[in-house]
Amino acid sequence: MSMASTVCSQFRFDPARHGALAALVVILCFNLIVTPNFLHTQTLFVNISQVATIAIVAMGMTIVIATGGIDLSVGAIMALSGALAPLIFLSPFGLANPGLGLAAAIIIPILAALCCGIFNGVMVSYFNVQPIVATLIFFISGRGLAQVLTNGNLQTISNPSFSYLGTGKILGLPFQGWLVLAIALVLWWLVTRSMFGRQLLAVGGNERAARLSGIPVERVKIGAYVICAGLSGLAGLIVVAINSASDAARIGSLMELDAIAAAVVGGTLLQGGRAPIFGAILGAVIIQLVKYTLLANGVADEVALIAKAAIIIGAVYLQQGRRD
Amino acid sequence: MLDNTAFDLRRYLQGGGHSYGVWLALIALIVFGVLRYENFGGAYNISSFLNYNAMFIVISVGMCFVILTGGIDLSVGSVAAFTSVVAAYLSPMGLQVALPGAVLAGLAFGALNAFFVVAMNIPPFIATLATMLGAKGGALVISGAQTISIDWTSNFTKLGMEQVWGILPWTIVITVLVVAALWIVLERSSLGRVVLAIGGGEDASAMMGLNVTRAKAFVYILSGGCAGLAGVFLASGFGAGQPLEGVGWELSAIASVVVGGTLLTGGMGSVTATVAGALLLGLVFNILNFENGRGTISLSAYWQMVIRGGFLFAVIILQSRLARAAQKELH
Amino acid sequence: MTDLIEMSGIGKAFAGVVALRDASLAIRPGEVHAIIGQNGAGKSTLIKILTGVYRRDEGSVQMAGEDLTISTPREAQDAGISTIYQELSLVPLRSVTENVMMGYEPRTRLGLIDWKAAHARTREILARFGVEIDVTRQLGRYSTAIQQLVAIARAVSLDARLVIMDEATSSLDDQEIETLFSVVRELKKSGVAVLYISHFLSELYEICDRVTIMRDGRTVATHEVAQTTRLGLVSEMLGRDASEIAAAGQTALSGERSKPGATLLEVDGLGTRTGLRDVSFEIRKGEIVGLGGLLGSGRTESARAIFGLDKLLRGEVRHHAAPVIDTPARAIALGMGFLTEDRKADGIIPHMSVRENITLALLPRLRRFGAVDRARERELVQGYIDALQIKTSGMEQPIRELSGGNQQKVLLARWLALEPEILILDEPTRGVDVGAKFEIQSIIRNQVAKGLAVLLISSEFEELVEGADRIVVLQDGYSVTELQNPGITESALIGAMVHHHERLAS
């Protein structure tokens, strides 16, 4: 009892810092009481597999926002990589060499995504274009490119090895869940322990000071956009694997909003200088759960959009308060 | 010494700073089109071109004001989609209700943006991104995700079809009036000067005792209103409210503003150059259509997005060079 | 005579931290009134309350005997209080006319702006200060001094009864300061009161009538300037005994002068787009080379060029006789450091801890398999915190929570941690309190005794004259002469700066 009270006295509720956790608890409680079958493993799997793509992109977004930037092109890059994969293993080459074809179908789309990241990074760092505008270019033309490549057609695939990305299980839990964990650990190490991470946060915290201290600001920024784009590419592949189909018009549609929302809810400062990787995952879980809760309780998809908008505004508003 | 108070055409064309290139490009493209395609200069093409692009001109001019303050409004497309549905629903009551009603709805979304940005101090692109989502959701909710046909028996149909003085459709007349009014606001009213000053330095403007809050609220509300009007044009042009339209409009509008030589960081730019930018962008697609028609090239609709992105890219690179040159001159 | 402004019993706290307690200020009509005090004494908070930027927690403000309630800068302007801030509060992208007239433009009958009248009015106002420029051009195309005068012109055009000048001279050269002073005298003659805030005591004796001294958020005293002594003012400002300060007259930079060693850096005929035309000098091991000159003579620009921040149009910087430095990263790798003038904009990374700020430039050397060697980092940082006596609750404390002087020490540690051969110090003691100033100076002196070469830029002649072994005098982007210590006096330095100017002009 006395211990509990000391803990309580030390714990001062700060809506900006603990708001996300509190929100998570509230949503979980709400679901336990209201949503039918919430405690089923099926529910868990569905949510894990859906949250995985948001979380992966949100982590990349967190890295970019840490430099004080933003990446609106993540959804379009998902579409591009998602369109490329089936094109590759449905090509004559892919059909003739299933093994090589599979490898190419994973590597080439991610390479293409990385190239988009380089483009974004170069625009932002060497051409001094504001990140919103620089990434707006791919936001619109990336998806267009994907549709040009596929001629706007839906591509269905049935390749069990590739589908493992979306439907595989390890220790009974979806493969993407483990993938998210692995990526999170790597990024966490990168941000908190590596030299790149220190440079990343320094660039976001005070770019001029970072440059004066000999930090290669341009390369660091490009690195951030490349990481974000690469993760988006991977997320695109996962979506295709889950659906066993690729529709360039829909893959990753509005993902930039989910990712930004998740990053912000997770505690990333929009002006840069912080990169809470696990916060991004927490944010993604909250976004996903809100979506799921509304859906499971018969609220229309469209209303969920409005709810998401409210979450973004609320999270950023609380964050502004913390800055002052 | 030059008399600086006199009307200075060159300065005027430059939009107060640089890039009168947009006018040259526009003229060049028109000359090219007239020489190359038979019907390009015909009354039908001109009228339908302007009619179609009126909504883009209107949202671009609204966007111009927002960008001049150093902000951005990503919600214009979904707001226009929303108000097109509103206009379609109100069309049985006639144009006199549908037009103000839809514009009012747009103003309301603008006010929401203004509230987020000014009162809650949320970065403009986040605030307007949220409004974009909200308006999109709202449009789908009120329309049931269906296109809503306008009432063909009401006078709403006059908007796009009846021609004033036998030449110009109402949409174009309204667009010209709006552009002229906003030109006066920017160039000749103190509110317009405050808008420009904010983009040049928000803190400094506040220190000078300018009402920064009011001017910032004004630009977002204005942009919302312009999007509302664009929604009316959309409904009239397609004969229906289009809840799914408007994707990528914010990009077109930003591109028009930037092509018009307005600095993305704000503080410098003009209404007329923005209109020229919007016309230029529209003309590129008009000419592409003619090329497609001649059969020399064959580009699917999907290419439009790619080309639009490419165009934005080219303009941004150009502007970053111009800005760098201007910077050198300043120092 | 009623006071124009009477503030009394003013209290203000920010998030529980008291900034002002029982502060007061009384300004008479038509006088030039100075406020002095160390950083953090509460000067700017008091002024921001007067101008409506902050709201007071307690106390009263009266103007000409009537209660004054001001909550925005606009209301202050309308009440006749205009402020010219330290950082220019104008909009450089817009025209001169707009900057002068903004918010008060003359209108035509239709309620629209009458640009013709606005330009004419602006020309007329500027002409009163002897400024004749094209008012339709962008303000940013003119020099800082002109911009400063435009700010004053704006204040005057608003029929101000009180003009507040916050560090108005800090970016002006002597001639421009003279122009400014004549404008101040002009204002005074026409019955406008001026509230003058400056770090330079000599300016105070030149133009101010009365002075209010603040310390620790309180008003200590108000005197007629004519009846004060510098020593008396300083002792009241610091809250120390006058005799104690008199004894410490020297700056801590002066000391044993060692024989300079081998040449480390040769700067040869530098020209840049930032205004350098022909700057040459060299730096040898174990000496302090001062850069003297007026504002705009190219001191900071030289430092930036040497450190690889600005592109060279002409000339080269040779390090150990080998060219060339083109990026800060390369300069750092060659053993150079650059403590910049603007601590906030170019120095600290506010969110980061003291530890991370200290090792920022050192990162490449702390690298182990791509990661930062944290054990070595901590050891190193603790060493510098101890050695420089940085007052912090621990190395993990965010640097933004430290005082200005301690932030400066952290930045100094950032560069010393590199064990550099050459350290460029641009205004190393600006904006820090007297105690920290002495400490920083003695740290530098100790390092120089161990063989560090220093390139010192300082607007305080005293610091330069006593500290430097040699002073390279710059003018309009040229290095014109070199003075050798011992033997440099303030007047000799000033003489060198001005004399050569005439020679160049002829």
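Just so it is clear, glycine is given a Cβ too, placed from its N, Cα and C backbone atoms.
As annotated by TrEMBL, transmembrane segment applies to A:20-39 (among others).
Through the fold, the transmembrane segment (A:45-65) approaches residues 71, 74, 78, 131, 166, 173-174, 176-177, 179-180, 183-184, 187, 191, 200, 204, 224-225, 227-232, 234-235, 238-239, 242, 252, 255-256, 258-260, 262-264, 266, 268-270, 272, 275-277, 279-281, 283-285, 287-289, 291-292 of its own chain, all at least 6 residues removed from its boundaries and within a Cβ separation under 8 Å. Annotated transmembrane segment per TrEMBL: A:45-65 (among others), in sequence order.
TrEMBL lists A:72-93 (among others) with the feature transmembrane segment. Same-chain residues lying 6 or more positions outside the transmembrane segment (A:72-93) and placing a CB less than 8 Å from one of its CB atoms are 53, 57, 60-61, 100-102, 104-106, 108-110, 112-113, 116-117, 120, 132, 135-143, 145-147, 149-150, 155-157, 159, 162, 228-229, 232-237, 239-240, 246, 248-256, 259.
Taken from TrEMBL, the feature transmembrane segment applies to A:99-119 (among others).
Per TrEMBL, the feature transmembrane segment maps to A:131-150 (among others).
TrEMBL lists A:170-191 (among others) with the feature transmembrane segment. Only residues 6 or more beyond the boundaries of the transmembrane segment (A:170-191), in the same chain, are considered here, and those with a CB under 8 A from a CB of the stretch are 45, 48-49, 51-53, 55-56, 59, 63, 66, 164, 197, 200-201, 227, 231, 238, 275, 277-278, 281.
What TrEMBL lists as transmembrane segment is A:222-242 (among others).
Annotation comment: TrEMBL describes A:248-270 (among others) as transmembrane segment. Only residues 6 or more beyond the boundaries of the transmembrane segment (A:248-270), in the same chain, are considered here, and those with a CB under 8 A from a CB of the stretch are 17, 20, 23, 53-55, 57-58, 60-62, 65-66, 70-80, 82-83, 139, 143, 146-147, 149-150, 152, 232, 235-236, 239-240, 276, 278-284, 286-287, 308, 311-312, 315-316, 319, 323.
Beyond the transmembrane segment (A:302-318), the same-chain residues lying 6 or more positions past its ends with a Cβ under 8 Å from any Cβ of the stretch are 15-16, 19-20, 257-258, 260-261, 264-265, 270, 283, 286-287, 290-291, 294-295. Among the features that TrEMBL reports, transmembrane segment is placed at A:302-318 (among others).
A:99-119 is the stretch from A:20-39, A:99-119, A:131-150 with the greatest number of Cβ pairs below 8 Å to the transmembrane segment (A:222-242). When Cβ-Cβ distances below 8 Å are used as the criterion, the transmembrane segment (A:20-39) is approached by residues 13, 265-267, 279, 282-283, 285-286, 289-290, 292-293, 296-297, 315 of the same chain, each at least six residues removed from its ends.
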